[in-house]
Amino acid sequence: MTTRLFIQDVTLRDGMHAVRHRITPDDVGKIVAALDAAGVDGIEVAHGDGLAGGSLNYGPGSNTDWEWIEAAAANLTHARLTTLLLPGIGTIAELEHAFRLGVRSVRVATHCTEADVAAQHIGKARELGMDVSGFLMMSHMTTAPELAAQAKLMESYGAHCVYVTDSGGRLTMDGVRDRVRAYRDVLDEGTEIGIHAHENLSLSVANSVVAVEEGVTRVDASLAGHGAGAGNCPIEPFIAVADLQGWKHNSALFALQDAADDLVRPLQDRPVRVDRETLTLGYAGVYSSFLRHAEAASQRYGIDVRTILLEVGRRGLVGGQEDLIVDIALDLRSRAGGN
């Protein structure tokens, strides 16, 4: 492989789910400074559900997106400051505000079958001169050809890159391979492809490696795997594998290891790992950020988290339906004869 990988860190966006969107701007600044010094190419900063994601439904943040982004911008020298926007949550006005604060790259995220709602936001980002990626979430929930058709739509709106986004950590290597190949078959040669993996089935590094072997150039990863569910692709082992494979990148392995162990792990109030709950996310194909919501419902209503997650998967809930987790817990308690 001769193409240089673009390593996109998501510790301070997807990782927000792991700490219930509670982190100080000071800690954001320290992590950004460490990532920047370690040579990552992009650093994504926002509430876990993107710009303006702080709410009762998704979970309020300890600070505003703007406070986090300002802290990041003040500690950035080389990396591309990035954010996430979900149309219907974040608005064009918020995208413009983020741009004024120094954000130069945005990932516009939709459910895997709803790319059409991203047209205006992608168009505005291009108008601002930003680097733009389309982010097709829960990519396991549709077929490879159907997903590729959605990727083609995002490309037509102006996306420079489109991601296979395994939000549920449900894809296996064949699933990743099929989707990347389907993208490559329909996307223009100049359009990049990205991979966003989760660790719920312990496959995030393997899936990311397979994606790169199939031509992916942008790889999402995070310090210590800090992210929703069992976490994202942990950046340290992925970079180690990239080194062993001889792939070109700009990241320094030891510096990333130090940042993961010294700065990120101490912030976690719940270990980010594969355990009985997070494995169930991947097994059931459930949106990884539902974990903390399901755990809260389990504690409140006395239903096993795994039982809740299996029912969430059976019903096919997608991002934005967090409020239904309580309804599911109540239904399960009623079926079990509880009051």
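Quick reminder: no glycine exception, Cβ is built from N, Cα and C everywhere.
Record note: Swiss-Prot gives His196, His198 as Mn(2+)-binding, and the candidate from Asp14, Asp26 in that site is Asp14. Cross-referencing Tyr287, Tyr301 against the substrate binding annotation in Swiss-Prot, which names Arg13, Asp14, Ser167, His196, picks out Tyr287. Mean pLDDT, taken over the domain 'Pyruvate carboxyltransferase' (5-257), works out to 98 on the 0 to 100 scale. Around Ser167 (substrate binding site), a 10 Å sphere centred on its CB holds 32 further CB atoms from the protein chains shown. Within 8 Å of the Cβ centroid of the substrate site, not counting the listed residues Arg13, Asp14, Ser167, His196, Tyr287, the chain contributes Val10, His17, Gly48, Met137, Thr165, His198, Gly227, Ala228, Asn232, Ser288, Ser289. Following the DSSP three-state reduction, the secondary structure of His198 (Mn(2+) binding site) is strand. For Arg13 (site 'Transition state stabilizer') paired with His196 (substrate binding site), the C-alpha to C-alpha distance reads 13 Å. His17 (active site, proton acceptor) and Ser167 (substrate binding site) are 12 Å apart (CA-CA, integer value).
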